[in-house]
Amino acid sequence: MAALRAAKQALRREIKGRVAAVSDQEKLRQSRVVSQKLFRHPKYLSSQRVAVFLNMHDEVRTDDILQDIFKRGKVCFIPRYFTKSSRMDLLRLKDMEEVKTLPLTSWNIRQPADEDHDREEALTTGGLDLILMPGLGFDKKGNRLGRGKGFYDTYLERCRTHPKGKPYTIALAFKEQLCAEVPVGEHDILIDEVLYEDEE
């Protein structure tokens, strides 16, 4: 267990270094490529209830994706992380304007306030068709290296008990986040697909 934790920590440092070396302009360019791939993806096109993260600086930019979700009339959910635990809720976002009104967290990302109890949580209503996932590193087999809190792994476990079952999961990545192999433990859940700019 300690060896796994150490391997993950070492890989996190390596990937953070690789992503930090990518210019903002290149991050934006790759984000647009990944977004366009998503917009053509059959799972995205057929999904009605979609969860997407509001990106941090070292993650694929998701503004265009949010706009597209609303443009297509899909139902959008975004994370609320409880930083003192591994719990995360995915809460309904009504429109792009709402994003600007959300409070900033210590991680400098916007999310609904802890005391905001009026929003629909995805699993208390109709479940989810698709979760677009962040992460630090990925391999082509669908192994994901998160930030170590277990938010998404814990949430996907909750999804499994929902009548709708586990949603399809797509990770959005810069190509610098791709690894030959991500070290994983028994609680790490495989993701269905990783979207990144490959040499097509």
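Using N, Cα and C of the backbone, Cβ positions are placed for all residues, glycine too.
Sequence-distant neighbours of R12 (ATP binding site) (same chain, 6+ apart, CB under 8 A from its CB) are L136, G137, L145, R147, G148. Per TrEMBL, the feature ATP binding site maps to K8, Q9, A10, L11, R12, R144, L145, G146, R147, G148, K149, G150, F151, Y152.
Here the Cβ of L54 (substrate binding site) has 19 other Cβ atoms within 10 Å, regardless of which shown protein chain they belong to. Per TrEMBL, substrate binding site is recorded for L54, E59.
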Q: Grab the ATP binding residues from the record (K8, Q9, A10, L11, R12, R144, L145, G146, R147, G148, K149, G150, F151, Y152) and give me their largest CA-CA distance in Å.
A: 21
**Q.** Winner by Cβ contact number (other Cβ atoms within 10 Å) across the binding-site residues A10, L145
**A.** L145
Q) What's the CA to CA span in angstrom from F151 (ATP binding site) over to L54 (substrate binding site)? A) 14
Q. What is the interatomic distance between the Cα atoms of E59 (substrate binding site) and K149 (ATP binding site), given in whole Å?
A. 16
